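Participant: My questions all concern the structure below.
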């Protein structure tokens with residue numbers, strides 16, 4: 001089925017692995033964004049990585065040469081706050097396993113960190129995770145409290161010679177210890193991650209294209225929300241990995257880098 005790209009009014013970019021990798025901005029990113037502006041196509045950024053707050057992400061982008069408003073970045077922290085209100089109405093006291101950026105954003109949404117008498121457990125990505133913290137989190141989960149995860153990513157992209165186990169890997173460890181999976185997962189591919197953009201800009205899902213480097217989060221988000229999807233090969237996915245993707249999960253388009261996106265949208 002051919003795709004009518006002329007209906008696209010907004011591009012939702014994944015961040016790490018798509019517009020940059022680690023602390024290195026891809027050279028194709030600034031000219032791509034400039035061309036979108038010339039075409040009258042809006043854009044915003046979303047990430048499952050909630051280890052930084054929105055304000056910190058703005059500073060991270062600024063250091064790499066991109067000057068964007070803090071509210072143009074949506075992380076899984078905002079999606080988690082929305083999910084908390086929907087799944088756990090009236091509950092505001094949280095036990096959080098996660099980075100300070102996640103805590104800051106949840107507190108900004110009106111939630112309270114209360115580890116002595118929590119009502120909900122929230123697990124995210126934590127770069128300073130220690131064994132005692134894992135033990136306390138597992139205990140709270142085992143008590144039967146509502147248990148939400150910020151996102152399902154198993155590893156965090158990096159340009160360093162290491163691996164960064166992400167929220168999905170931490171949840172797998174906790175499941176092995178407690179026998180429980182998260183009751184719900186907030187970030188991509190949960191379509192609520194696009195809900196903020198749809199509501200703010202008055203868009204229909206088919207007017208949005210999601211651009212990202214991961215099939216199971218970025219492309220799956222677009223499929224779940226009814227948006228267009230473009231996979232970029234600058235991060236996790238490779239052409240070889242696409243061989244095993246079922247047709248229903250296949251992206252609408254595959255590009256080598258963001259340099260190819262504007263011409264695709266003009267096609």
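From the backbone N, Cα and C atoms, a Cβ is placed for every residue, glycine too.
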Participant: Return the residue out of 213, 252 that TrEMBL annotates for the same Mg(2+) site as 14, 16.
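Facilitator: According to TrEMBL, the candidate sharing the Mg(2+) site with 14, 16 is 213.
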Participant: Return the count of C-beta atoms lying within 10 angstroms of the C-beta of residue 16 (Mg(2+) binding site), excluding that atom itself.
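Facilitator: Residue 16 (Mg(2+) binding site): 23 neighbouring Cβ atoms within 10 Å.
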Participant: Determine, for the Mg(2+) site, the additional residues of the same chain whose CB lies within 8 Å of the mean position of the CB atoms of 14, 16, 213; present them in sequence order.
Facilitator: 15, 17, 18, 19, 47, 157, 212, 214, 218, 232, 234, 235, 236
Participant: Residue 16 (Mg(2+) binding site) to residue 188 (substrate binding site): how many Å between their Cα atoms?
Facilitator: 14
Participant: So if I measure Cβ to Cβ from residue 14 (Mg(2+) binding site) and keep only same-chain residues at least 6 apart in sequence, which ones fall under 8 Å?
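Facilitator: Expected: 45, 46, 47, 188, 210, 211, 212, 213, 214, 217, 218, 235.
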